[in-house]
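> Below: one structure in structure tokens.
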Ligand SMILES: C=C(O[C@H]1C=CC=C(C(=O)O)[C@@H]1O)C(=O)O
């Protein structure tokens, strides 16, 4: 399929108001697309379904599925075709009350942490800008700018139109082997790929790692904690620990234990999520939810030598999940973009710095508009 045909097919589908998802996995060149030919809302019941899932932040919300039926892909998207200087032309309206409200919520969160209500909470906000609609152009720009991220464009007429470029894996599996990660702690990239980290960021990320290990230890076959690394995501740097292990055929249970991790909710989970609902003056919907490939099967022809040295072919079926946390994303509503940004608050947080962190995070999306 040519690039022109691939994107025309997506455009035509959007014009007909039919569900679709187009996405590219981190460090890959293949851009995938799954389409649905009616506007039915498919929901995930027990995570044995196959397709592309879109789950909200609230663990009580419905998880939407685009079933894996109509699948096509662009094998090698040529990024040079996207003519884009990487400079934003859109501006965010500056309203002092927005900043003051955020600072007040952060101060309140620190007070609750001092009172032992929870240890960490992730506070967020949404930024609304008037931009018109060119979702396919923005998707191409995400693909060009964030080659290490999971980039997507997702649409369902009953849910909305979302785009994003997330650096965070929630759960990735190949048969019974899984990888997840603890990603937290943020600073802007200033040219050094190995910058110094403060106590606040180190402690914040440690809390996430500890939570994941605790949440999974009784539910999986074995569990291994990787090294603490610094990673670059767009103009930002984060701390990351990879965690690997073996599933026991219990995907639903594992996802329930993980989501929302303290990288997007807080710790302990319940009081932190309650505080988020009390404090944030908007509904996160699918921001800080998760999305990606669910139970996709790939089959490969392999040759095997039998006892009498005869070459025989057999098929090798692999089952994969590739689920990502929905960060650095926006929702398009009419001619408006709603950009979502947040950050982890701990006892060592400095409110002004937390605000700056959300401003820096907003640039991931703002830079492509
Ligand atoms: C909640 C967000 O980021 C999370 C993921 C990485 C680092 C984070 C932090 O440093 O606070 C957040 O936990 C967001 O980008 O909106």
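First residue shown is number 1, and so on along the chain.
The backbone N, Cα and C atoms fix where each Cβ goes, and this holds for glycine too.
Quick paste of what TrEMBL says about this protein:
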| type | residues | note |
| --- | --- | --- |
| DOMAIN | 99-296 | domain 'Chorismate-utilising enzyme C-terminal' |
| DOMAIN | 319-361 | domain 'Chorismate-utilising enzyme C-terminal' |
> By DSSP, what is the split of the domain 'Chorismate-utilising enzyme C-terminal' (319-361) into helix, strand and coil residues?
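Residue counts in helix, strand and coil order: 11 helix, 22 strand, 10 coil.
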> For the domain 'Chorismate-utilising enzyme C-terminal' (99-296), what's the mean pLDDT in this predicted model?
96
